[in-house]
Amino acid sequence: MIVIIVACLAGGILIGKLAVFSLSNITNLIITLGLFVLLFSVGIDLGCNKKALRNIREDGIKLFIVPVATVLGTGFGSSLASILLRMPLNETLAVGAGFGWYSLSGVLITQMHSVELGTVAFLSNVIREVIALISIPLISRYIGSFEAVGVAGATAMDTALPVIVKSNSPDIAIYSFISGFLLTLLVPVLVPLALGL
């Protein structure tokens, strides 16, 4: 997957450099359509997972602890990054609010702010996902299963879910799915909110 991402990015850069006319109108349309397809796909995933919706009633408020802690921890880390990198707080918060969903956060920030910050968001969130996939087994073994779910961010419901379940008890799957789902819902809300600060 990482190879495909890098190849697509490199291909886009090459086409952008070789283009004899502006492609910005076409790319904006493609980005918008891609965003709609992405959100529609998330809806399909949720609709297909009947067990996840049923378990929400059984586990109640406990399901919200991990995503709330993830939002708070990411906000703290993003604030610290603002100080260390000498970047505006709203920009680092917006990048962090991607929670690992690189395709959406990169697109939103590019459209709402700049290509440069959108690229930073894209790369930061790709790196977050890669680090999560590598570290989840270690975090699960030495720290805890809920912490492993938190590290995955929004990807806890999709790409990181199999790694989380394999590294923990299958019972963690519902927590992982709900955390990823809630963080996924928050990305299109928190990214624009952070940029507006």
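Note: Cβ is positioned from N, Cα and C throughout, glycine not excepted.
Marked as transmembrane segment by TrEMBL: 29-48 (among others).
Residues or ranges marked as transmembrane segment by TrEMBL: 60-87 (among others).
Same-chain residues lying 6+ beyond the ends of the transmembrane segment (99-123) with a Cβ under 8 Å from its Cβ atoms: 5, 9, 28, 31, 34-35, 38, 70, 74, 91, 129, 132, 152-155, 160, 183-184, 186-188, 191-192, 195. Summarising the annotation, TrEMBL assigns transmembrane segment to 99-123 (among others).
Taking Cβ pairs closer than 8 Å, the transmembrane segment (172-195) reaches residues 39, 42, 46, 49, 51-52, 55-56, 59, 62-64, 66-67, 70-71, 90-91, 93-94, 96-99, 101, 104-105, 108-109, 112-113, 145-146, 148-150, 152-158, 160-161, 164-165 in its own chain, all 6 or more past its ends. For 172-195 (among others), the entry in TrEMBL reads transmembrane segment.
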